[in-house]
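A quick write-up on the structure given underneath.
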């Protein structure tokens, strides 16, 4: 008899004078017994050996029933809170006696039978309050009507319930090893390596298990259900049912029944989505889940330095899609290597090297009172980001290419902290000068356009003519030439564009001439020069250096030229 083979039965309250058989794992019998959906909707039942997902409204209790028909029956009940703590209680009372009108065929009123079953308080077997996954396990349970009462006092929430009378053979949840902790085996500034012992369900029972890691900055999670609830309601759950309705079309689909669109419309159900549930979108949170197969060591990368992270591991049985949580852990990534602060001296140029995406800190503390402070920056390669703070207050934040000068209001006994941030493209080199003397200018002034222009029509087999812009300040300009191969290209030229390398790094044979030049009329601050003594059909790289009063030089953008082959 099926009832003896499956003692844990779904409760359908009696419709006749005799107790009705409860739904079992026999799907055909199950379908026959809940054909009256209005009646099915009016009860809350738990199937034997299947996990159900449901929803609680805040401060609105929900009760589930199941029947154990034989004494000394093994029983296991698991309740999984998802996104809020739960209060739940399991109790049992004796099965109702058969009605006095047995064999008459006259059914008792439904409300009268419900009252007959539930009017008396049962014997409490177990109770719990919290957000842990909690179990009730008994190797020998009495026969009776079991009640599971659940309540959420914090907020509307999802939860899962699993009950079985064959816990030894079912084992839907992966078993944890004797040491269920996650070990942090390696810790870096941006990486954390985790290791854990494999689940016996995989190593001994050879069931398909995969491990899922969850990383976040807030707290550890007790269940994968809680993780999925945090990520997004449409990742793992149905939407909240309407108040007063226990089931949506998704519930019937979950229990093996097609959703009835017509009945859904009558009850005001939302139209189910492609996956049998109404979906909704929520903003994503700083929470990451990654499933890595059956490996038991994993390195989490791309973390932030000096930041605390929480790590959770879940073993998932891919046959049942049910999971068990390892004991979570947390770890703080290592700090960035502390930067040595470079002291700047008033009026002295300091060379600085900054790694790609790196940062350097400099400090300037004038010894005397001052009304203004001037920072001159010469970025030799790619652009560099500069920030200047005075006694902690941000005064300046800009990107610098070439030569820039910033004049800031001074303050007595003020201390200035300069932060230089490197480019994403590559390492940065620069020269920086800080001074409280406004006339102390070590770097020469530059025009906005530092290109060298070559006149193609004036090109000959032995000479080229070029021009460049100057400024209103009288400076010394030196021009140099270097013969290069015909396959010399713009990429090679870009790699050699270190503006901080001065004429002292060039060969004497490469020097063409030096001259002084300026113009009070900025529109006329243009000079030309013809470079002679070149070879026909050859390529040359031309460089112009402007040298300031302090002896520091700045190089204009290099120019690649080629003489005519035939004249």
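Backbone N, Cα and C atoms are what each Cβ position is placed from, and that goes for glycine too.
Where the annotation comes from TrEMBL, it is an automatic prediction and has not been curated.
Listed ranges 41-67, 68-94, 95-121, 122-148; the one TrEMBL annotates as region 'Disordered' is 95-121. Summarising model confidence by region, the domain 'Fibronectin type-III' (174-323) averages a pLDDT of 72.
Secondary structure of the domain 'Fibronectin type-III' (444-553) per DSSP (helix as H, G, I; strand as E, B; remaining residues coil): 18 helix, 41 strand, 51 coil.
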